[in-house]
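*Asks:* TrEMBL lists 9-26 with the feature transmembrane segment. Here TrEMBL flags 36-207 as domain 'Thioredoxin'. The disulfide bond annotation in TrEMBL covers C74-C78. Look at TrEMBL and you will find C74, C78, H168 tagged as Cu cation binding site.
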Amino acid sequence: MAFIRKHQFKIAVLALCVAMGIYLLISMQDKTTVTFESNEPAPEFTLSDLDGNPVKLSDSNGKARVVYFYYANCPDVCPPTTFLMSELQNELKADGTFGKDVEFISITFDPVRDTPDAIRSFIDKIPNEIDQTGWKFLRGDDEQATAKLMTDFGMMVVKDPETGLYSHSDLITFIDRDGNIRKYVRGSMDELVSADKLKEITDALIDL
């Protein structure tokens, strides 16, 4: 038990790497059509937007949702995955579905440091302009509650108490108009994922 306590963070990171490796092997399968592996209700939540207004997931029922968990101090995957989503945003805007038929939701799991101003600064650093009319950036009041929400979504997140950095799942979640999770896609670290690929998934999700 002492060994486990001493190496708890390393063990958690190893488990996360194994889980991501398994997911990558599955995602590398060549698929000519979009398939939806899941049909489970997404966890309901009530969080706050950057102006402090309460937002529920069910508020956007009737639209497809693209959900991503991130934190603004992320040194690696969060900025490029958010950029990838911004590329998808631009493709959806071009065909008139962004905001109308599909909505993006980004949720920080570091709400103590990720104040509204910190999140706005993160948004400003993304090369593409983020259209917040169809893309909500949300935060909670409690770090543990947000971590539990991630777990409820099937994600993993572990904080290193020494550095304050997180090891976490880098998955984009696709939710249908009825509020069901239909698919997970690994983010920017997967070289097979592109905005065009995400657009195919989103279009199929809209058409369900």
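Cβ atoms here come from the backbone N, Cα and C positions, even for glycine.
Just so you know, TrEMBL annotations never went through curation; they're auto-generated.
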*Asks:* Taking every protein chain shown into account, which of the disulfide-bonded residues C74, C78 has the largest tally of Cβ atoms within 10 Å of its Cβ?
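*Replies:* The residue with the most neighbouring Cβ atoms within 10 Å is C78.
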*Asks:* Have a look around H168 (Cu cation binding site) and count the other CB atoms within 10 A of its CB, chains all included.
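*Replies:* That number is 22.
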*Asks:* Starting from the Cu cation site formed by C74, C78, H168, give every other residue of that chain whose CB sits within 8 Å of the mean position of their CB atoms, in sequence order.
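*Replies:* Those within range, site residues removed, are F69, Y70, Y71, D76, V77, T81, Y166, D170.
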*Asks:* For C74 (disulfide bond) and H168 (Cu cation binding site), determine the Cα separation and express it in whole Å.
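*Replies:* With distance taken Cα to Cα, H168 (Cu cation binding site) is 10 Å from C74 (disulfide bond).
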*Asks:* How long is the line from the C-alpha of H168 (Cu cation binding site) to the C-alpha of C78 (disulfide bond), rounded to the nearest angstrom?
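*Replies:* Counting only the Cα atoms, the answer is 10 Å.
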*Asks:* Pop the mean pLDDT for the domain 'Thioredoxin' (36-207) in here, whole number is fine.
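*Replies:* Result for the domain 'Thioredoxin' (36-207): average pLDDT 95.
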